């Protein structure tokens with residue numbers, strides 16, 4: 001496995017062929033202003049169009065009534081606002097909504113999670129995932145490609161448009177975005193960072209940097225670069241108290257071990273305002289794998305120099321997985337040990353598991369360029385992952 005780190009530039013201003021239109025959802029504000037400058041227009045026109053796009057979820061230039069007709073006609077000739085379409089929707093009894101979203105000839109999944117005081121959108125960054133974490137349904141699908149900026153921010157745009165159109169009492173607007181869907185965000189920096197910039201931009205979705213969270217399994221070179229690119233909340237998929245266990249369940253650990261990963265994490269939060277001096281640790285609870293009290297003591301020792309809060313995540317099963325969910329009693333004992341050490345510890349409430357929308361269950365529909373499924377079959381290992 002190798003990773004390519006690409007920083008945002010003006011590549012989004014290019015189109016596949018001379019007849020194609022530029023999708024304005026691919027452009028952050030800096031790129032949008034450059035686009036309008038190249039059209040001979042003033043930069044403020046970019047701000048006007050972005051406001052229509054993101055504040056009102058408008059994808060029709062003719063509806064942008066504070067823009068003159070001549071410019072609207074020019075825009076229709078060279079540009080478009082095209083978000084990926086929802087092809088299937090599932091609603092959980094707890095209010096969670098999972099959308100299967102078409103990206104080309106494949107699907108990714110986006111999840112809307114309403115709570116009493118907020119509504120969180122879980123967004124995908126890749127079609128599939130190359131990291132092969134053993135407990136994650138997405139990883140069993142293999143990897144196909146990175147999502148474009150328009151396909152990432154388009155998930156937020158599409159969800160905001162749907163939620164905004166629902167007048168039912170209790171449907172909350174999106175207040176938080178977590179990059180915790182399909183894929184490893186740090187292996188797609190050149191698209192993830194501009195998409196998050198749009199989430200934060202006042203002319204975009206205008207979210208607070210503390211309400212946009214990037215979750216990573218530990219692509220250290222990219223994490224080292226991230227702090228110079230954008231400031232958002234950070235969550236790390238740790239899931240183990242030592243390298244022996246993590247090597248097995250999170251294979252990227254063999255390349256960047258826990259010590260290297262945590263050093264990079266501390267470097268990021270030291271210069272981040274969004275994290276307020278601490279990081280969120282994600283720890284999936286696997287029955288008799290990483291959930292013993294001895295593991296809790298080991299985790300506490302490991303994290304003693306890393307300011308953090310710890311989210312314990314009851315594992316969500318999927319067909320063919322080799323693990324079991326930790327019992328409530330084992331999770332409770334684990335949590336109590338951590339709290340005795342003074343760690344803020346939260347047991348995450350499982351949401352959307354009746355529609356396979358819970359953490360680790362997102363599968364989508366992936367044409368596997370890594371041939372992972374074929375390799376597994378040749379090795380005699382059963383694969384039975386549900387696609388939406």
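Just so it is clear, glycine is given a Cβ too, placed from its N, Cα and C backbone atoms.
What Swiss-Prot says about this one:
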ACT_SITE  109  active site, proton acceptor
DOMAIN    115-354  domain 'Radical SAM core'
DISULFID  122-359  disulfide bond
BINDING   129, 133, 136  [4Fe-4S] cluster binding site
BINDING   183, 184, 215, 237, 238, 239, 316  S-adenosyl-L-methionine binding site
ACT_SITE  359  active site, S-methylcysteine intermediate
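Residue 237 (S-adenosyl-L-methionine binding site) and residue 129 ([4Fe-4S] cluster binding site) have their C-alpha atoms 14 Å apart, to the nearest angstrom. The closest partner of residue 316 (S-adenosyl-L-methionine binding site) among the recorded positions, by CA position, is 136; the full candidate set was 109, 122, 133, 136. In this structure, the CA atom of residue 238 (S-adenosyl-L-methionine binding site) is 19 Å away from the CA atom of residue 122 (disulfide bond).
In this model, the domain 'Radical SAM core' (115-354) carries an average pLDDT of 94. Overall, the recorded S-adenosyl-L-methionine-binding residues 183, 184, 215, 237, 238, 239, 316 cover a maximum inter-Cα distance of 19 Å. Residue 183 (S-adenosyl-L-methionine binding site) has its Cα within 10 Å of the Cα of these recorded positions: 129, taken from 122, 129, 133. For the recorded positions listed here (122, 129, 133, 136, 238), the lowest count of other CB atoms within 10 A around the CB belongs to 133. DSSP assigns residue 183 (S-adenosyl-L-methionine binding site) to coil, not to a helix or a strand.
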